[in-house]
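Below is one structure, written out as structure tokens, with a few remarks after it.
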Amino acid sequence: MFITVQYNVTQSLDERAEQVNLYQYGPKDIATVFFYLLIAVILHALIQEYILDKMNRRLHLSKTKHSKFNESGQLAAFYLLSFIWGCSILTAEEFATNPTFLWEGYPHTHMVFQVKFFYICQIAYWLHALPELYFQKVRKEDIPRQLYYICLYVFHITGAYILNLHRLGLVLLVPHYLVELLFHASRLFYFSDENKQKGFTLWALLFVIARLLTLTLSVLTFGFGLPRAENQGFSLAKGNFNVLTIRMTCLAAICLTQAWMMWKFINFQLKKWREHSQSQASKKKAFSPKSKPHKKDLARVGSANGVVKSDDKTSPRARKAKAS
């Protein structure tokens, strides 16, 4: 129950005599998620000790950068693995080639092994991130920010899994993970060398494209696809949640999340733009040619050096000569 994927259903295709093993979800999945949550904690510790800590010793980062470097290192490894895994599933199942496949035949109560195991691992990873906030001794200032995106991941991925929207969820996760992978990889390069900032420009472009893609596919699925599906109604036994209230709730949750992400993105870009403009202004002041000094300043400088005559129109040498 803890290791293997539960709720196996064997089906035979009409055209061929082959039998296909498919899977459903149920309460026993909680035990499986808990087991892989522990596996995620162990993998997290291994990556931290044998990779990130060694890199931190070489870079000699400050405490703030040290915390962000560890966060980006862990997330970059996870996003890379999830992106490759998700692309392989999309290629095998042909989810991305035909958009109508996202809602045709709903409810999609049966999943292949790779899809179900993918969701189990996703939920387990984001749940393991909660105790890692304590294990990694994350700063109090960073805890609310990390809690926000951890809870959003758990909410959306679990919702897609329970509502039998795993096809849409998988298609939306893959491009999102690509964008996040690029951001955290760029941040890792930035911590190693502050001159390496070109990755953030590409990330900003792909971020906006990913948000538009997410909104487009969500509107197509919940606004046009599912309302025209054959199976309408609400049934827990059949796993059918194709009613107007649930469709609008899901669409509103996705739209609000995308709007919140765009708001954070715009604030981040404005902050960077202000910092860049201030640094450019300070550089211009430092390298600007000095203005010509006034006559009064020259008089002061000259008197200090003994060049300009004193008030009694006699130089120090002449006064010394008279005294002798």
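Note that Cβ sites are derived from N, Cα and C of the backbone, with glycine treated the same way.
Per TrEMBL, the features are as follows:
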COMPBIAS  282-297  compositional bias 'Basic residues'
DOMAIN    67-276  domain 'TLC'
REGION    279-324  region 'Disordered'
TRANSMEM  33-52  transmembrane segment
TRANSMEM  73-92  transmembrane segment
TRANSMEM  112-135  transmembrane segment
TRANSMEM  147-164  transmembrane segment
TRANSMEM  170-190  transmembrane segment
TRANSMEM  202-224  transmembrane segment
TRANSMEM  244-263  transmembrane segment
Exercise for review: Using a Cβ cut-off of under 8 Å, list the residues of the same chain at least 6 residues beyond the transmembrane segment (112-135) that approach it.
Suggested key: 5, 20-23, 25, 29, 32-41, 44-45, 78, 82, 85-86, 88-89, 92-93, 143, 146-147, 150, 153-154, 157-158, 160-161, 166, 169-170, 173
Review point. Out of 33-52, 147-164, 202-224, 244-263, which stretch touches the transmembrane segment (170-190) the most, going by CB pairs under 8 Å?
Key: 202-224
**Study point:** Beyond the flanks of the transmembrane segment (202-224) by 6 or more, those residues with Cβ under 8 Å of it
**Key:** 99, 102-103, 165, 168, 171-172, 175-176, 178-179, 182-183, 186, 247-248, 250-251, 254-255, 258, 261-262, 265, 269
Check your understanding: Is the transmembrane segment (244-263) packed against any residues at least 6 beyond its ends, judged by a Cβ distance under 8 Å, and which are they?
Key -> 152, 155-156, 159, 163, 165, 208, 211, 214-215, 218-219, 222-223, 226-227, 234
